[in-house]
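K.L.:
Take a look at the following structure, please.
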Amino acid sequence: MFKFLRKHPPKDSEERSQLKKELFGYRRCLDHGFPSKPSCMAYDPKLKLLAIGTKTGRIKIVGAPGVEWSIELRSDVSVNQLFFLPEQGRLLSLCSDNTVYLWEINQRGDKSVVEQKREYTFSVEESRMKGISVCCLTNSCEQLLIGTEIGNIYILDLNTFKLLDQIIYQDVVMQNVPDDFKVNPGAVEALAVHPTDPDKFLIGYNRGLIVLWDNEASNADQTYNSTQQLESLSWHRNGTEFMSAHNDGSYIVWSTTNSAEPKEPALTPYGPFPCKAISKIDWKTAKLDPFIIFAGGMPRASYGDKHTVSVMQGSNNIHTVLDFTSKVVDFITISRADETDEPLETDEPHTLVVLAEEELVLIDLETQGCPSFSLPYFNSLHSSPITCSQHVSNIPDNLWQKIVDAGQAQNKNVSAREWPINGGKVAGAESLTKDMLLTGHEDGTVRFWDASSTSMSLLYKLSTASIFNVEIHGDHNSGEVEEEWPPFRKVHRGMVGNYDPFSDDPRLGIQKIALCSLSETLVVAGTAGQVVVLRAEREEREIEVSSTTVNVVSDHDGFVWKGHEALGKKEGETTFAAGFQPVAVVQISPPAACTALAFHSEWQLVAAGTAHGFGLFDYAQKKEVTSRCTLNPDDLTGTSDTPISRRKSFKKSLRESFRRLRRRRSERRKAAEEKAKEEKKGEEKEEGIEVKSSPVKTSPPASPEARPVERQVEARNPEDSISSMVRCLYFATTYISDVSNTASSLWVGTNGGHVYIYTVTVPQEKRSENEVVAVLAKEIKLRHKAPVMAIAVVDGRTKILPDPLEVQHARAKEPQGNNHSVVICSEEQLKIFTLPHLKAKWKYKITAINGSRIRKVAFVNFRSRSDDNYSECNIACLNNQGELSVYSVSTLRQQLEASCLRREDINGISSFTFSKNGQGFYLQSASEYARITLSARNITEPTSSLELKEGMREAEPEPEPETETQEPADTEGTTENEAAQTSSGENAEVLNDSVLNDSQANTTMEGEITQDSVQIMQVTEEVSSSQETSRTTTVQETTTAMSGDHTETSTVTSTVTEVTSSGDAPNTGIMRKTRSPHP
């Protein structure tokens, strides 16, 4: 019974409970990268805002760098079309469920938020008859023309958000069509409003019929007939001509005064052979000849697989075909005539915005050669598939400037003009530190991203392919045009952040990254066992890089490697541009993928591990220090994936297989017998270290806690996984042999629960001559053989030992010189051992309590939200259920638990990376990082502000007398934040002692709606409640701030206006006499 009275950490005091609220708090912050599965986009030329909708029901609105808003609809709804109401800060979205939403950007406090104002949904019967095919906004922005699959056109009044009684039936339109063409014209394919006459617009039908419709007279002015299927329409600025694009790759110019024949015959730019359809065409006038821009139209036989946008201008002899590596979704031409209120004679297009499935590209139409812009956001993070990542905080100014300068030198071919989409302002203060997110990619590149703010831009790209002998496919300059027809220009080469999914050699893939910002040293490890040490340099240099092979299986003569070959290094001197340049190359043999990496910049040592073992390398002397094979001697397979070596004969291998089967049966019987004995004896051994039972005289703790029910966790079979794989490497100066002297050490953790502890002797003098010596000092074997995920040494102040050079640069205090302990984090539990005796001190069983396993772990410094001088180190974990948790380093007590990811999101869990200040990044799609925080202090969120002209929003009415309100007395006079205390988002629990749930920090993801109040409006006319619903929904994240015993929750506020035929207000518990203005 005494095992239930064993020592436990003391209960948390009330003061500690309050302190935890100042330290911890889970929140989903924002997204970085390119929206996954884009479906449409829109541009507001007056406010200079860009909106992108996706097939997963998300809308992102951006302006100047750092200005952004997010909208989330249901995940099963696709956003089909978007329309800005220019200069109004309003956006229309048409979704796949035939629902039209009206969104407004309104100022709320010190920032602007997106609110849902109106919604119109076709009924089920209407949807069957009115399948929407295309929409178009009128010039007055008061009506939305809705074309349908059956050929009729409906008009949605944007003031009342109701369909007008006027319907343009296809039968009426067909009355003026010549008898020869009176066949079913098909669905409405295109709508284009007349640029000078707001009452007229073009109706284009699928089978080629085009009608110029006079809406005021309800009559067809002209009808145009083409023999090819229609794809797109575009007006000339003067309103006397328009252009139609067709599915055979041709376009036709028509006159509004003569419908008998085209003004110009059909032109097929890339004919005469059959061509693909021109899906969209744009006709813009300039001071010289007009621009004709279109998507598609390539010859089917030769270039049918290409995704292109062509830019043609006759007088300047411009004819460029932009060749994309992913499908073109849409494009928009930005013109100065649309941006200014002053009348201009021509459109003056200056920027082409192309939205492809995997990237966003902006082309400068005013600069010779049509260069692209460098993207401040919406970068294609997955330009090559991401294989690993690392967050580095507080970069020194000197290194930051070196990286920025090197990146600018790489972007000589981008446009020098300022970013044209610059609407809105950033309301918040700039970040005090410079942070980077480093991503390793399949093509051997490492990209450096500015992660200091909400807008993550590319700073610099490092390529390791130039170090090795690999054949790199042609790298075309973005300004060059190939000597061929059509005149293609690859837009994924030589441009910033563009999508290029192809890898020259899969062995180049980056598996691990480690950067020491104080020594300006970077180490990367790859798929073929290559480890490259690099340093930041300001000047271009021509150097010969040395390469050293570290054979981790050298003491096993029978080993045969049957995987890929190692990468060959280039011989002789190689020119490397300014930036990170190689210092040394280490080749691990056999050339398996690196699974662990660590380096100590002060000692100038690098340790790398694979599935076969690990090696220690001295990059000061460029020589191997030591290596060790971690393979089981009884099961040397000699291969990366096959259990039988080729050197064995079939008869011998068959004989050994039967022996193994018999041995396993006997081992299972012995294990069952030992298990029965252990149940009688109790728990005496743990983690391979004997733990003595407490004596009978030991007094029970002051507040004994009931132990949680534990699952039975079976010991792992070494053959179930690659137990020899090295999972973590760690350098530390601590007590290894005795309590009086510290020693430099290397800690190695494997997949089989084995920890090797090496003492490392680094010469203090003549570092380039005297050798570094590493000797195995101790070993630890975990009982359940769970993979060792992370190791860290804690000093007497419960602080993790500082990183190399941090003490010298006054970034950390000197560690306390006694009472060191080591924290070993395995997949199944956390455990603290005293040093140097390795006596178990505390432990927390993860798998035995909740059945989960740790997938990612980091040691994080949490600083108090209100006290700059207080901080503490804790262990942050992500398990295979997608749950985040924080544990105290001193007692392993759980401090916080939050649900972050779905357990089915394997890619998100495997890509998760922690920062040292409590934030986290993970891939929510192949092209997007989601950013979260576990810290109550370090929160990175967009704080955008948008200024509108006077009159764009109706003034708020004066508040009604209190006697007319029907609110309960206890809610009278409350603020908007205090009026709603419910949250429908994700919950983050701040855990307290044995109950582990003493307080909550509730968060709501953007776009989720909580209805808090109902607005009363008097309506004089009768309307159908099934057709009109007016809603005002503030879309913003919930913020939970807890101080002392008072909890303030800023929650999503929704005002729902329901108008019934009688005008009566719905019966609700909370009523307000506020009024929301109509657009």
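Cβ from N, Cα, C; glycine included.
This is the feature table in TrEMBL:
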- 669-690: compositional bias 'Basic and acidic residues' (COMPBIAS)
- 707-718: compositional bias 'Basic and acidic residues' (COMPBIAS)
- 947-956: compositional bias 'Basic and acidic residues' (COMPBIAS)
- 268-370: domain 'Lethal giant larvae homologue 2' (DOMAIN)
- 724-946: domain 'Lethal giant larvae (Lgl)-like C-terminal' (DOMAIN)
- 630-718: region 'Disordered' (REGION)
- 941-991: region 'Disordered' (REGION)
- 1021-1079: region 'Disordered' (REGION)
- 436-459: repeat 'WD' (REPEAT)
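For the listed features, I'd like the structural context: burial, neighbours, distances.
P.N.:
For the compositional bias 'Basic and acidic residues' (947-956), the DSSP-based tally of helix, strand and coil residues reads 0 helix, 0 strand, 10 coil.
The average pLDDT for the domain 'Lethal giant larvae (Lgl)-like C-terminal' (724-946) in the predicted structure is 93.
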K.L.:
Please list the DSSP helix, strand and coil residue counts for the repeat 'WD' (436-459).
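P.N.:
For the repeat 'WD' (436-459), the helix, strand and coil counts are 0 helix, 14 strand, 10 coil.
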K.L.:
Residue counts in helix (H, G, I), strand (E, B) and coil for the domain 'Lethal giant larvae homologue 2' (268-370), per DSSP?
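P.N.:
Residue counts in helix, strand and coil order: 8 helix, 50 strand, 45 coil.
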